[in-house]
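Here the structure is laid out as C-alpha cells; the discussion comes afterwards.
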Amino acid sequence: MTQPILEQDAKVLIALDFATANGALSFVDQLNPNECRLKVGKELFAVAGPDFVKALIAKGFDVFLDLKYHDIPNTVAKAVQAAARMGVWMVNVHASGGSKMMKAAKEALAEFEKPPLLIAVTVLTSMQQEDLAELGLDIEPKEQVLRLAKLTKASGLDGVVCSAQEVTMLREEIGDDFCLVTPGIRPAGSDVNDQKRIMTPPDAMQAGSSYLVIGRPITKAENPVAALAAINDSLR
Ligand SMILES: O=C(O)c1cc(=O)[nH]c(=O)n1[C@@H]1O[C@H](COP(=O)(O)O)[C@@H](O)[C@H]1O
C-alpha cells in the first residue's frame, strides 16, 4: 500500500466542472486534500460563488480559481484582488490581454501578505493551428505559446497554462523557475472530448509540467477516487 502523497506534492488539480454546488460538494466529499488540489472554473463559480470557494479552502483544499480574466488593466487588477481576498492558491488571466494587463494584475497582488500564484493562459488546449488561422494568426500553436509565455514571464507573473506538448520547449527557452500548468491531460485510453493538444499524466510530468489539470477523466469516472489514485500512482 503506497502512502498518500504530501500536500505540497499534490500535482493533480481536479477541474470541478459541475453545474451545481451540491453536485460539486458530494464529489469533493470523497476527496482528500493531501492527494489533489481543486480548480473552480466559470460554470461552477457562476452558480456557487465565493462562499463555495471559501468552503473548499476551509476543508483544507488549495483552490485554483480559473476565471481566465481578460479585460482592461484596471478591471483585471481589481478582479485578481477580489480572488486573493477569497484566499485562493492560484488565479489566472489570459496572456493575450497583453503585458499592461498582466503587470497591473501582478502589481495589484503586491499588497497581499500571501498572494495567490498568478498565471496566464497561452493557447487553449482545445485549439490547434486551424483555430489560430481563423483568428488571423498564421503560426503553429507552439510558436504562439512561446511568444505569450515570454510575455508572461517578462510581465512578472509566476507561470503559464499551456499544453504538456509545449512544456519541453518552454523549459528549454524559459527555464525551470516558471510554473507550467497543463490541462489537456488524458490517461491512456480515456476519451479525448474537446481537447486537442493532449498528453498522458506521466508523460506530462516527465516533460516538466508543474501541475496537471484533469477534469472529466476523474469527475466522470465510474469511481473517481480510484481514478485519481491510479493517476497519482502513475506519477510516482
Ligand atoms: O485554464 C485552464 O484551466 C484551461 C486552459 C486550457 O487551455 N485548457 C483547459 O482545458 N483548461 C481547463 O482545464 C479543464 C480541463 O478539463 P477536462 O478536459 O475535463 O480534463 C477545464 O476546466 C478547462 O476549463
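Backbone N, Cα and C atoms are what each Cβ position is placed from, and that goes for glycine too.
What TrEMBL says about a protein is an automatic prediction, not a curated fact.
Over in TrEMBL, the protein carries these features:
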type	residues	note
ACT_SITE	Lys68	active site, proton donor
BINDING	Asp17, Lys39, 66-75, Thr125, Arg186, Gln195, 215-216	substrate binding site
DOMAIN	11-231	domain 'Orotidine 5'-phosphate decarboxylase'
Please go through the binding-site residues Leu67, Pro73, Gly215 one by one and keep those whose C-beta falls under 6 A from any atom of ligand 1; give the result in sequence order.
Gly215
Cβ packing number for Gly215 (substrate binding site), 10 Å threshold:
19
Can you grab the distance from Gly215 (substrate binding site) over to Lys68 (active site, proton donor)? Cα atoms, rounded to a whole Å.
17
Per DSSP, to which secondary structure element type does Pro73 (substrate binding site) belong, with helix, strand and coil as the options?
helix
Taking only same-chain residues 6+ apart in sequence, whose CB is under 8 Å from that of His70 (substrate binding site), what do you get?
Val76, Val93, His94, Ser96, Gly97, Met101
